[in-house]
Every structure is written in structure tokens, then in C-alpha cells.
Amino acid sequence: MANISSPFGQNEWLVEEMYRKFRDDPSSVDPSWHEFLVDYNPESTAEPVLTDPTSTDKQPSATPQAKPAAAADPVASRAKPATTPTVANGTAAGSAAAPAKTTTTPPIEGDELQVLRGAAAVVVKNMSASLDVPTATSVRAVPAKLMIDNRTVINNQLKRNRGGKISFTHLLGYALVQAVKKFPNINRHYAEIDGKPIAVTPAHTNLGLAIDLQGKDGKRSLVVAGIKRCEELRFAQFVTAYEDIVRRARDGKLTAEDFAGVTISLTNPGTIGTVHSVPRLMTGQGAIIGVGAMEYPAEFQGASAERIAELGIGKLITLTSTYDHRIIQGAESGDFLRTIHEMVLSDSFWDEIFRELSIPYLPVRWRTDNPDSIVDKNARVMELIAAYRNRGHLMADIDPLRLDNTRFRSHPDLDLLTHGLTLWDLDRVFKVNGFGGWKYKKLRDVLGLLRDAYCRHIGVEYTHILDPEQQEWLQQRVETKNVKPTVAEQKYILSKLNAAEAFETFLHTKYVGQKRFSLEGAESVIPMMDAAIDQCAKHGLDEVVIGMPHRGRLNVLANIVGKPYSQIFTEFEGNLNPTLAHSSGDVKYHLGATGLYLQMFGDNDIQVSLTANPSHLEAVDPVLEGLVRAKQDLLNKDTNGNQDEAFSVVPMMLHGDAAFAGQGVVAETLNLANLPGYRVGGTIHIIVNNQIGFTTAPEYSRSSEYCTDVAKMIGAPIFHVNGDDPEACVWVAKLAVDFRQRFKKDVVIDMLCYRRRGHNEGDDPSMTNPYMYDVVDTKRGARKSYTEALIGRGDISLKEAEDALRDYQGQLERVFNEVRDLEKHGVQPSESVESDQMIPAGLSTAVDKALLARIGDAFLAVPEGFTVHPRVQPVLEKRREMAYEGKIDWAFAELLALGSLVAEGKLVRLSGQDTKRGTFSQRHSVIIDRHTGEEFTPLQLLANNPDGSPTGGKFLVYNSPLSEYAAVGFEYGYTVGNPDAVVLWEAQFGDFVNGAQSIIDEFINSGEAKWGQLSTVVLLLPHGHEGQGPDHTSGRIERFLQLWAEGSMTFAVPSTPSNYFHLLRRHALDGIKRPLIVFTPKSMLRNKAAVSDIKDFTEIKFRSVLEEPTYEDSIDDRSKVTRVLLTCGKLYYELAARKIKDNRDDVAIVRIEQLAPLPRRRLGETLDRYENAKEFFWVQEEPANQGAWPRFGLELPELLPRLTGIKRISRRAMSAPSSGSSKVHAVEQQEILDTAFG
């Protein structure tokens, strides 16, 4: 028989069984055993040689030195004595193996005799041999409650994510290995070399696991396989090695190496209920650790669960250490068990394990029970519930990268200990006042629901909301068991992920190096957006309008809006759509589109559109809001005051994390959310949180905890969600839409994800963010991880997943081939926009006197009982007088223009800071009751004809928030959504319009050229030098003229009320869809010379060039004129007054009322009337480097040869628009007049 001191110990039976199989049929044994078995002899008496640890001759100890021999009858065989033994493990040196003995009790007739073979025979031998090892056993009872609770936390987290389970043996085995590091003697074993006793300390800890196997015949057997070099393994690696050994044991794939070299063993008889066991110690080992069953102390096993919880009784687990007393002493063994005991109760042990398993939560802590009364603890449980509602998001597992894996997601307010609660309270019942639908509940269940609601893959912030109803609604939706999507819904989510990833992969493969700002790393936003749109369709809404930055835009165009792939790929191929040849165009990731969304699991459909945007991040935000408001106003569904119908167009806004926190226009736009003139019934905000802004990490780009904190200013609920969990993303999207529909408020979704590539496809992010991209480069994408989860749950098969992706890639490939075959259009230089748009022939902007009278009457038609402010009443009376008698001033001329348009069926929208009254108290478009504060809007009376029938027109006037960027963007967007509306925005002073410069540059001036996007927005910019300082002087004419080209806008500086009247009406009626910039007056508002007669409103039209009235009426003689002063705006009146004062009939003053497009023909005709003029001057108030001169000085001589040599009269060139001193201003102004007439 085989030597009982074999290195395989109690596994020897398995080795012998394999040998017999190998002998009969080598192919029946795993090839990894062949080398070992080819010269193995189960009857060899030679024992393995244990090399002196100090020897340099390394001999394998795992392979016995044996000679081939015939197998003997196992019943009659005897173990042969060793001839020259060199090692004796567990016996005296030089002793021979004892002969086999027979029982001293003879069998009784009828007894069944069975020869013990294989494992049973080896057990007999091993147990007999173990009697020669002088052992002792230490026993220690260890509290198991902390292990139970923390294991529950771990396994619940694993179940929600990648699957798998951690056993108590995993935990205790790892603790054993860590304890061995502190007590290396426990890992030693006894040997004799050359007759000398030796304590062998192995170089590594090789932990033997006793694995119970069941054979095909149903018989059970035990093998002990070793996890090698355990001391080098971290917990996750230890678990992997453990599971690998067990799996291969059960699959019959263990090798000889797995059995050899075990230094310490772990056995777990507790799995069959044994509480306390003293296992036998095999030769070659110094100790074996036994783990008993987890049980309550015997005296409490009859107690109820409630009583046990009340008393704070926990289960115990008994650990035994059976050790070789020759080399290990009892104190060492006892201290070893004590160390394991302390370790499994320590904070550091569990912190390490949780970090290793990427459990983002703090482990349960071992603490003594708090004896406070149950009444006091009821209050503390309610405090805990409130804390989770308020701070639970800080504990949520929302970061797919987990870059700082040493930091737990926690907060002191969420710690049981902070509230005077411990793990002993988890099974106690407390009063919870209806939380979760319960009146009373165990703290364990309460804590579980709180964590499921607020701390998993979704973190919710809502306690900053002031409305209790909204808070309660969110609690009811969040604090409930989440319903798992159906298999069909899961497959649909997977199909959207497949579509998103396949699209990016295809483009990356086919168009290497092209910038496309891919969505890779954030693919879950596609099923998220799809779910939100689907939910909008479910609510029966009309349209979802999307505004977003460039990252992921192509993917959204393809997979959300439904833009044809062939069109997208054609743009990549460099083909030019001939229908776009009139525009300069823009890069492919800025373009917009429109599509129709059909519900997958419903019968509704909904319009989906994506607005065009520039690269200026967040600039599209207010534009989107204005566009949506215009669409809502056009639908006009709030006629019955039903808000559910009024806001049937939904804005969906995508952001980047760095931009949302960093761009001020975000806060400006959020501030519009609940204002009457700007409200759209709630915006769905989705932040694609890449956790980086180009190369800047969050800690360098914001001061707040989250990038979303700015949204708290409007009481919007905020949902943080892990982008690696598409099901959570879909759930949050639906919840967000439901909240928006219920409360008509903004909702913010913060989807934490990552950016697979650099800022663009040519960027290497590892240069500046190496650690992040070390993580990103090895991270599996959302599609793969979700596919694995579905397959692991058995929802779909691997083949189904692969087939779905292959099919989608095949579709893209086919489209690509189609694009290759398309007829290519040669890319030609842009013909640009049509600069010379002709005003329709016969267009009349004059109105009937009766309409002027109606408008004048409206200002005195105040409701009965309405009290007009005593300072306003004269203004209203004067307006009625002007409507009948003339001498109409600027403010009333404007109201006449707007009122007449309302009467003609136009929607007129006027907004700006203080616009209802007017910055200079000139407008009074809305009258406020002196006593009640009620409003009366006279021009709204024009919405009905004299017979009471509606005209279809509407007058809307709003005081805007103190904003330029968002306010101008909103009004621009409104004109995109309703091109027929007359939309005017007025700056408080023209100087402040530069706060909206991005909107002017990117949308107003170039939107048509880039995207074919038309706008009729009107900007009213108070402008003029009046000694009020550099910030209350200039609307920056020079900047607008520098931007102007190709007829992109119309700029005008009207100098008479009637010309302003006709300018506004022409803009509204001529059909030309271009923005209008009007530089309006300030001091001229009350200039008695700046008035117009009624016939100027009823008989003429807008005149782009004006002569002095004395020449137009043939009072003065043009032939006397030798000097012509060209000017614009209110300076005309100062020049005219000086001319009269100096009696200069040799000087003529010509006003250019429209600066761009320059009225070249009309100006030329006007100048030709002054045949004797020799000198031409451009006279302006602005400094030489500002105003119209920088452009006119170059342009006028080119367009009109007669103006060659034209000279400038102005202030000197200045860095600021004007002097800060009114006295200096007066001197400069006088100098201009003196020079003009010098």
C-alpha cells in the first residue's frame, strides 16, 4: 500500500484512484496528471525526502520516489518497513511502519463485512498515523453577529451588481491567513532530519480547504486542496482562488500540484450543524482550524426572536485550533484564535474587505449595546429616516469609475452610531409612523428600505424643495420596492445600448481621426432619453425639443431623433447637400433635425426635434426655452386655464458636468423657470457627467459637492444615477417626466459616467489624467456589463445578445456601402446667404387715422374702479391727445406701431428690464392700479375688433429678470419657434447688451448662415452720449457693424418717432426673416423737436435716408450747400440747432437712418441733390475707434465715389465709450459741433 506519509495526506485515495484509471486507460485522466502518474507506484514504501531548509540542493517534495510494482490484494497486504528512512513525520526516527492489525472482536454470524477501499482505506491509515502526532486543541467562541450583518451588506451589493456570494468560510479563511502573518509559528510543521527534530517554517502560507464531494454513486468523500501563497493575496484575490479550487474540485480538474504543500488547514463541520469539533491533524502540518455552526447560546435557543433582539443576544461561532504540541504552545494557539476573534470584530478588517470588493458603503461597526429606552430610540430612528432623506445621496453608489476606492460613500448623519443606535438594534422593532407603509418595523428592514431608496445606484436630492406636497410625492415614489423591468423591456434597453455603442464603434472604425465627440462611456444616456421621450408620449404630449452640446450629438441624431444614417455618413464623406449651398454650413456635430418617435410598448407617438447649437457650451439653453415657449403659445392650449395642456411641448436639455457648474448662463436660464413671461412648465435636464472638463478634474472646476447644486436655487429635484446601470437610468428618466407633469417644474438628472476617449478623438487624455484613464482603459462598457447581467440572470442567451449586435452592425455597414455609392457633389465655396433681400413691392406700413385714435382711446379705457397713479394719468391723457392732434413722441409712436400690429392679428412680445414702464419712465405699456396693484394693459384691447370679434393678435409685455445672456437667448429662441411673432427685447441701457454677446455672435448674427435658422428678433438698445459715464452711453454700434455681412441683420438709428413706427411695422410685415437692431434714444425721448405729425404715420413709410425738412419742403436752397454732414441719431438735433444758431445755409445735414444694409442707392441719390457740395464729413458722438466710422470710413468711399476723401468728426479714439465726467463730456460735445461748423 502507499506510504501513509505521502505529501497528499488524506487525498491519497484520490491519487490512487486516478492511478488505477490511468493504468487502465490514460485518456480517462486529465492530461495534467500524466507526468506524475507515469512513474507512480502506489505500493512503494519509499518516503519523500524532506530537504534540509539550509541545503542548496532543491529536490521536489511533492513527487514520491517509487518503483513500479504490481498491485497487491488490499485485504492481505502489509505495509513494508522502510529500508533507510531519512524523514519521519510524527513518529520516532528510525521506526518502521507498524503492521496492520485485525480487530480483536470476531465478527458475529450475519454481520456484513466490507473491505475499506479508496478514500475509506486512506482515512483509516491517516487517522491511525495522526495518533502519533501529539496534539492539543484551543477553543474560542467568537460573536458572529457582525459577520452576519456585514456579509448581508456585501452579498446584497453583489447581487445588485455582478452577482456572486461571499461565504462565512471566505471571511474566516481570510482572517486566518491574516492572523498567520502575526503568528507565523502556527504555519510551521514538525520533521526529523538525520535523526534530529526540526521545526520547518514554510516560505508561504498554503491553506488547505476540506471539500466534500459526492460521487456518481452517491457516496461522499473528502479532499483537501490548497490555496497557495495565501499571504500574498488580497481578499478579492483570495475569494477568486478559493472559488477556483472548489470549482475545479467539483469538476474533477484538480492537479497533483493542488494537493501538495498544504501548510495549514481549515475545516468547516459547522455546515452540517456541528458546533464544536476537534479535527485530527495530519502529518506535514502544524495546525488545523475548525469552524463550528453559528448558534445562539444554548440557554437562549428557546427564546423568541423578539426577546433575543430585546436582550441583545447574538449568535456565536466556535473556532478550534488543533496544533502540533511539539512545536506550537498553547499560549500561541490561544493568542492566534484571539487575534482572529479581534480581527473579525475590528473596523479595519471590514474596511479592507469592503474596499476590495468595491462596496461603497461603510461596514456595520461592532459596538456595545446602547441601553437607552425604546421610546428614546424611536425618536432616533425617525431622525435616522430624516437623515437618509436629506443626506442619503452622499452614500449612493453612483460613480462607475470609483477613482478613489479608499473612500467610502458615507456621512456621519447616516451612521447608526451617530443616532445612538448599534448593530444590536437592527432586529428590534420601532415605531416608524407610516414610513414604507409600516407603523412598526424592525430597524433592519427600515435601514434596508432607506438604502434601497437613497443609497444604491440612484441618489435623490429633494429636501431643499419647500413645497411639502412635492416632497411627499417624491417620497412615495422613491421609498418603495423598485419593480424590475419586464424581459421585453430589458431587451429593448439592451437594443438601445447596442445601437449607441455600435454607432460609435462604426464611426470610429470607418472615419479614423475625424472629430465626432463620441458618446462612448455615456451610452446609457440613449436609453435614458428614449425612456423620457416614451414617457412624454405616454402622457399624450405634443413634442419634445432637445438642446444639447456637441458630445454625443451624432448618436442622439441617429438613435433618438432618427436622422437617416445615410445622411449622417454622407456628411462624413464630405458630400454637400445642394439645398444647403446658400449657407456657410457648420460642423456635423452642431446640426439639428426633426423626427417622429413611436412608442415601443404603447400606441402613442410624439414629435422630437433637436435644435442647432454652437460650440459655446450652454449657450443653447435659453434659446431652447424660448423656442419651446413659442411653440406652447402657438398651440394656445391654456385657454381654459388647464396647465396640463398648456405645457404640452417639453424642453429636454443635455449638459456637461463642468459646463453646468461653470457657465453662468445655466443659472440665468434656471432663473427663468418659474417666471410668468418665460415659464415652460418644467425642463428635463440631463447632465452627462464625464467627471472631467476637457482636462480639468472636478476639484478644480467647481466649489460645490455636485455639479448640480446650482439647480437647487429653483427647488428642482435632483437625481444622481450611475451610468453603468441602464435600468436605473431608465427608471429615473420616467420618474423625472412624471414629476414634471405633476408639478410643472424643472427636474435634473445627473448621470455619472466617463469619457472613453479624450476631449476629441485626436486627444490623448492620459497626458493630463493618467490615473483616470488607466481605469477607463480597462473598464468594460455599459453594453457589455449590462449584457452580462442579463445573461447571468437568464433573461437572454449569449447568442441572442451577439445576434442583436451583429445585426445592428450589419445595418450600419450596409448604409456605409450605400453612401460610398452615392453620387458625390463637389464641395464648392459657399454662395452664402442672400444679402440683398428686396422689400415686397407695394408694401405699406401706413395706418388709418381711425386706428391711431382707437389706440389713443385705449389708454383711457381703464376698467371701472381702476385708480391710475396721479403721475401717470397726465401721460395717458396726453397720448389720447396725440392720437387725434399729432406731435406724437417716441414712446407713443412705438406703442402705436405695436398696437397696430396687434390689431392686424400679430402676436407681439415685448420684454426687457423694466420694460413695462420703460427705463426712462417713457413707455407705461402697463398701468398699475394705485391702490390694488392690479394691472391694465391698454394695447391688449386691440386684440379685438371694434365689433368685439378677435383679431388673432395678442400683446405680451414682461419685465425680464436682470439678465442679458439668457433673456436675449430666450427671445431669439422664441422667434425660431414662432417666426411670425413680433418679438422685441429692450436693454436697460445699450451698454449692457454685451452680456449677451455669445447669443449675438453665435445665433442672431450667424444662425442663418450656419444652420439656415431664421430669426426676426428685435433688439432695442438705448444709445447716446449724454454725460452719464462710460457704462450708460453706448450700444456698441461698431461691434454690430463689424459682425454684419451678407445681410445677416438690419441696423437702424431712427431719428424721428414716425420713422421708428414705420421701421417696426416694416420689420413685421415685409416677410424678410432677419434680426433687427435698433439703437434707440434716451434724452431724445423728451426732445420737443423729436415729434411727428399724424400724416407721417398715415401717409408715408420708412425712409432709410433723411434730409433736413427745410430741404424736403423746398424752403432752403440746396445749391448753396458746399458742406454735407452725414450723421445719425440724436446728434442730428444738436447739429440742426447749431446750424440755425450760426445761420449756416452752406451746410446740409443728412441722416443715415439705416446703417446696415447701407441704403447705397438712396444715399447716392440724396447726395446728388447737393451738386455744389465739396466737403463731406461723417459726424458722430462716439470716439474715432467706435460708432459707425470704423466701417463707414472704409465702406462709403468704395460704394459712393463722391465720398472719396470723406473725413471724420468725432471724439478722439478712446478705450472706454466715453468720459466719466459730465463736464468733460460737455467740452467734447461742443468741440464736435465747433468742428462740424468750423
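One is the number of the first residue shown, and numbering goes on along the chain from there.
In case you wondered, yes, glycine gets a Cβ from its N, Cα and C as well.
Keep in mind it's a predicted model, so treat the numbers as computed, not measured.
When Arg551, Arg553, Arg742 are compared with the thiamine diphosphate site residues Ser615, Leu617, Asp657, Ala658, Ala659, Asn690 in Swiss-Prot, the one appearing in that site is Arg551.
Coiled coil is the annotation Swiss-Prot gives to one range among 392-422, 454-484, 795-825, 1198-1228, and that range is 795-825. Of the listed candidates (Thr1050, Thr1080, Thr1122), Swiss-Prot assigns Thr1050 to the same acetyl-CoA site as Arg1066, Lys1101, Ser1104, Gln1154, Arg1161, Arg1162. Cβ neighbour counts within 10 Å, taken over all protein chains shown, single out Arg551 as the most crowded of the binding-site residues Arg551, His1032. Ile692 (Mg(2+) binding site) and Arg551 (thiamine diphosphate binding site) are 13 Å apart (CA-CA, integer value).
Mean per-residue pLDDT, taken over the coiled coil (795-825), amounts to 73. Within 10 Å of the Cβ of Ala659 (thiamine diphosphate binding site) there are 20 other Cβ atoms, across all protein chains.
Other residues of the chain with a Cβ within 8 Å of the Cβ centroid of Asp657, Asn690, Ile692, the Mg(2+) site, are Gly656, Ala658, Val688, Asn689, Gln691, Gly693, Pro698, Tyr754, Arg755. Close to Ile692 (Mg(2+) binding site), meaning Cα to Cα within 10 A, are the following binding-site residues out of Ser615, Leu617, Asp657, Ala658, His1032: Asp657, Ala658. Minimal Cβ crowding within 10 Å, among the binding-site residues Ser615, Leu617, Asp657, Ala658, Ile692, is found at Ser615. Note on Asn690 (thiamine diphosphate binding site): other Cβ atoms within 10 Å of its Cβ, all shown chains, come to 24. Rounded to the nearest whole angstrom, the C-alpha distance between Asn690 (thiamine diphosphate binding site) and His1032 (2-oxoglutarate binding site) is 42. Taking CA atoms as the reference points, His1032 (2-oxoglutarate binding site) and Leu617 (thiamine diphosphate binding site) are 30 Å apart. In the three-state DSSP reading, Ala658 (thiamine diphosphate binding site) counts as helix.
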